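**Student:** What TrEMBL lists as ATP binding site is G14, G16, K17, T18, T19, R122. Annotation comment: TrEMBL describes 41-64 as region 'NMPbind'. Under the heading region 'LID', TrEMBL lists 121-131.
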Amino acid sequence: MRSLPNIIVAGTPGVGKTTTCAQLLSLAAQASPRVELRHLSINEIVKERECHSGYDEELQTLMVDDDKLMDEVEKEIADGDGAGGWIIDWHSTAGFAVRWVDLVVVLRCDETSVLYDRLSSRGYKDEKIQENMDAEIFGVVSEEARDGWGEPEDGRVVELKSVEPDDIEENAERILQWVRNWIQDHGPKTNGNGNGD
Ligand SMILES: Nc1ncnc2c1ncn2[C@@H]1O[C@H](COP(=O)(O)OP(=O)(O)OP(=O)(O)O)[C@@H](O)[C@H]1O
C-alpha cells in the first residue's frame, strides 16, 4: 500500500505540465508538515534510458518505444519502494496501468492563440503546432484519461485550466490539497496522538 498518491499531470505539449509540477513540488517541500512528493519526468526517462527509436525530423520529436518506456516507469513507480508520491509529467496517460495512478490531472489551455504562441516560441513547425492545437481543441488527452480512470465526477480525473500565470499557482495548490485529502482518507492511520502506534 502506498502512503502517498501517484498523480499523472497530463496535457497537450505546452499546456504547462512541467511548470505546474515544479510549482507543486516547491509548495509541497515548503508545506508544514512537508509532503514528500517526487517528480517523474517521462521526457527525461525517454532520453536518459533511450526509450525511443530515434528522432523524427518531420514531426520534430523522438519516436517513443512505449513498451520499453512503460517497463522503465514500472521500475520506478510499481517495483521501487512502493511508497508513492510520484508526480508523473507526461503528455499522455496511454500505457499506464490504472492501479499505478490515483489521480490524473489534465491541464487545459482553451485559448488557442495562447497555446499557439507557446508552441511557436519553441520553434515548432506549423504542422506540428496545428497537430497539437487540434489535439487540445478535441480534448484528446482528456478523453484518454477518462477512458482509464473514469469521469470527473468519479473523482480520479480532474481538468484544470492553465492559461494565465495565476493558474499555475492555483493549480499547484489544488493538487496539493487533493494530496492532503488523499493522505487523510488513505494514508497511514495514527492513534490520534500522531505517533502511529
Ligand atoms: N498557465 C500558464 N500561464 C502562463 N504561461 C504558462 C502557463 N503554463 C505554461 N506556461 C508557459 O508555457 C511554456 C510551456 O510550459 P511547460 O514547459 O510547463 O509545458 P509542458 O506542458 O510541460 O510542455 P511539454 O509537454 O512540451 O513538456 C513555458 O514557457 C511556461 O512558462
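First residue shown is number 1, and so on along the chain.
Cβ atoms are placed via backbone N, Cα and C, with glycine included.
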**Student:** For G16 (ATP binding site), what residues in its own chain, 6 or more apart in sequence, show a Cβ-Cβ distance under 8 Å?
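**Tutor:** Counting only residues 6 or more apart in sequence, the Cβ neighbours of G16 (ATP binding site) under 8 Å are L107, C109, S162, D167, I168.
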**Student:** Determine which residues of the same chain, besides G14, G16, K17, T18, T19, R122, have their CB within 8 A of the center of the CB atoms at the recorded ATP site, and list them by sequence.
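**Tutor:** So the additional residues around the site are P13, V15, T20, R118.
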**Student:** For G14 (ATP binding site), list the number of other Cβ atoms lying within 10 Å of its Cβ atom.
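**Tutor:** Taking all protein chains shown, G14 (ATP binding site) has 25 Cβ neighbours within 10 Å.
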**Student:** Are there residues of the same chain, six or more positions away from K17 (ATP binding site), whose CB falls under 8 angstroms from its CB, and which are they?
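**Tutor:** In sequence order, V9, A10, G11, D89, W90, H91, L107 meet the Cβ cut-off.
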**Student:** Around T18 (ATP binding site), which residues of its chain at least 6 apart sit with Cβ under 8 Å of its Cβ?
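**Tutor:** Long-range Cβ contacts: S41, N43, D89.
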**Student:** Just checking a number: largest C-alpha distance across G14, G16, K17, T18, T19, R122 for the ATP site, rounded to a whole Å.
**Tutor:** 15
**Student:** As a test of the contact definition, list every same-chain residue at least 6 positions from T19 (ATP binding site) whose Cβ is closer than 8 Å to its Cβ.
**Tutor:** I168
**Student:** Specify the count of other C-beta atoms within 10 Å of the C-beta of R122 (ATP binding site).
**Tutor:** 11
**Student:** By DSSP, how many residues in the region 'LID' (121-131) are helix, how many strand, and how many coil?
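**Tutor:** Grouping H, G, I as helix and E, B as strand yields 6 helix, 0 strand, 5 coil.
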**Student:** Report the DSSP secondary-structure composition of the region 'NMPbind' (41-64) as helix, strand and coil residue counts.
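**Tutor:** Result for the region 'NMPbind' (41-64), in helix, strand, coil order: 7 helix, 10 strand, 7 coil.
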